[in-house]
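Q: The structure under discussion is supplied below as structure tokens; questions concerning it will follow.
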Amino acid sequence: MTTHVLRRLGGMLLTLAVSSALIFGAMYAAPGDPVSFLVGDPENVTPERIAAVRAEYHLDQPLLVQYWLWLGGAVTGDLGTSFQYNAAVSDLILTRLPTTVSLVAYAAVLFTVLGIALGALSAVRRGRRTDAAVTAGTTLAASVPSFVLAIALISLFGVRLGWFPVTGLGEGFLSRVHHLTLPAIALATGALAIISRVTRQTMVEQFDLEHVAASRASGIAERHVVRRHVLRNSLGPVVTMCGLVTASMLSGTVVIESAFGLSGIGALLVDAINNLDFPVVQAVLLCMVVAYMGVTTLIDLVHPLLDPRVRIEGNRV
Amino acid sequence: MTAQTPTSAVTANTTRAGARGSGGVVLWTSAGFLVTVVLAAVFAPLVAPADPNAIDFGDIWAPPGADHWLGTDQMGRDLLSRVVHGARESLLGPLLLLLLASVLGVAMGTLAAWRRGWVDVLLARVTDVMYAFPGLLFVVLVIAVFGSGMTTAVVALGLAFTPIIAKFTRSVALAECAKPYIDAYRVQGVSGLVICLRYLIPNMAPALLGYLVVLFGEGLMSLATLSFLGFGAQPPSSEWGLMVQEGQSALIQGVLWPALVPGAAIALVVVAFNIVGVRVADRLNSRR
């Protein structure tokens, strides 16, 4: 068990090291000298100013030293200074973090609840019309790109019916939920198909097992069999999948935040790319990769704790 | 690409179950629709009723009507003509990126399965690093470095799709290499390169082709998303993702057509491609 944990953590650190080097190094593959973005106003460019900027951003150091300084800073929370806003990148990210986190959390609640409900419904009605309808519906929904769905939701519920506000965040909890409803739906829809399919699949497998037949034979009501035995036993893979999908949603926020004009981290990334704000691009990408890798590794490590069957099989091997 | 990978797997498996039961009507409607779209794209100048770039500020945001069947955008350009012309770029982009990804991916995957050892390990490591970037973030990184534009977006997406195709090719090639005919050629002294190029890859082609059709919808979706974010096609192009982005500003003023028309075009083509792609993959696989 300990070797497994250590190996998994080591693998994660190695992948993180390589991807952070990629994120950092990529910026220096860019055509043009970063210095030309930093000096700002081309009117008063003096050699002294260029030298000062180079020193401030360590551009005069070898690439490996720059990477080391950048990584060391990132670990201690110093992500550099934004060229565009002339503010600490960590502050920019921290002020926008709540928007992104609440959006992802809202979407996660939506697709978890709806996905498991739909999956359970089609597992109970497997092979019948409801099953086919749920499968076709969720697959269809997953085929629509999230930004197209966002536009359609804004058009219908925001503009035509006027049920939901189309921009901004709102004050207070209820207003925020109201403002984030359409973005969360647009973000969650793609994941619905994955979750409902995993739920359906694992539940259908459970239905064929002997313990279900035994429960039925001892006269337990069908709804109890479904809820306490079939669903409960299927939750392991479903919870794992929900975690993985939530982690990958970080990148989905880039599109959704742009479509709905929310000022979260995803929108910050798009804005930074369009303004050649390198430190912000690097920092946001690094944060997203770290968060994604962290969550996926965590799920991998926690999974055996949640599901004793995995633990026992793991020990046997 | 990780966000995409599970989605495509789901699409593949679930529609397969659905399509079998619902019969051929949906399949043939989708195929017919795709053929129409491709023909419209090829003969765009003949099909489109007007010049897609003809600006008329006297007639902006016109609703659908006799003059403009699908209305006009914020510069008074005919939306139907723009969507028809935009089909060229919107379909050619995914085609090119898949071409790039499949040349690189098939080469990498075949090599990994054939040589095993360090080549295989290298492929696994490269895939790991690519998968560390959720969704389109790897592509976003490349675009941040080399600037926005259709060429950058296509090449970046091609690179992002490469490990996915390589992984798939590797698994197919491993199964194929275990078959006796490969050993038979080897015993006859045929060189490894010749076996791979003349026998191994042609024999894998049906499985790969089916997979590529399924990936096409994914490619179209990703490319349109990049254009929507402003990273792909640039104005005055009428690429569909870009059209949605340009139409977005009109939504607040209650003008829905400029964003909804290209949005519907993307959604319909992707859905149709998924339905047809899954069936083609099914057919080709069962023939093996």
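Cβ atoms are placed via backbone N, Cα and C, with glycine included.
Here's the feature list from TrEMBL:
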type	residues	note
DOMAIN	B:87-277	domain 'ABC transmembrane type-1'
TRANSMEM	B:25-48	transmembrane segment
TRANSMEM	B:91-114	transmembrane segment
TRANSMEM	B:135-165	transmembrane segment
TRANSMEM	B:185-201	transmembrane segment
TRANSMEM	B:208-231	transmembrane segment
TRANSMEM	B:251-278	transmembrane segment
Q: Report, as numbers and ranges, every residue of the chain located at least six residues beyond the transmembrane segment (B:251-278) whose Cβ falls under 8 Å of a Cβ in that stretch; write 'none' if there are none.
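A: Long-range Cβ neighbours of the transmembrane segment (B:251-278): 11-12, 15-16, 19, 26-27, 30-31, 33-34, 37, 61, 63-64, 70-74, 79-80, 82-83, 86-87, 90-91, 210, 213-217, 220-221, 224, 240-241, 243-244.
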Q: Hey, which of B:25-48, B:91-114, B:135-165, B:208-231 has the most Cβ-Cβ pairs under 8 Å against the transmembrane segment (B:185-201)?
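A: The stretch with the most close Cβ contacts to the transmembrane segment (B:185-201) is B:91-114.
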Q: What parts of the chain pack near the transmembrane segment (B:135-165), using Cβ distances under 8 Å and only residues at least 6 beyond its ends?
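A: Beyond its ends, the transmembrane segment (B:135-165) has Cβ neighbours at 1-5, 89, 93, 96-102, 104-106, 108-109, 123, 126-127, 208, 211-212, 215, 219, 222-223, 225-227, 230-234, 237, 239.
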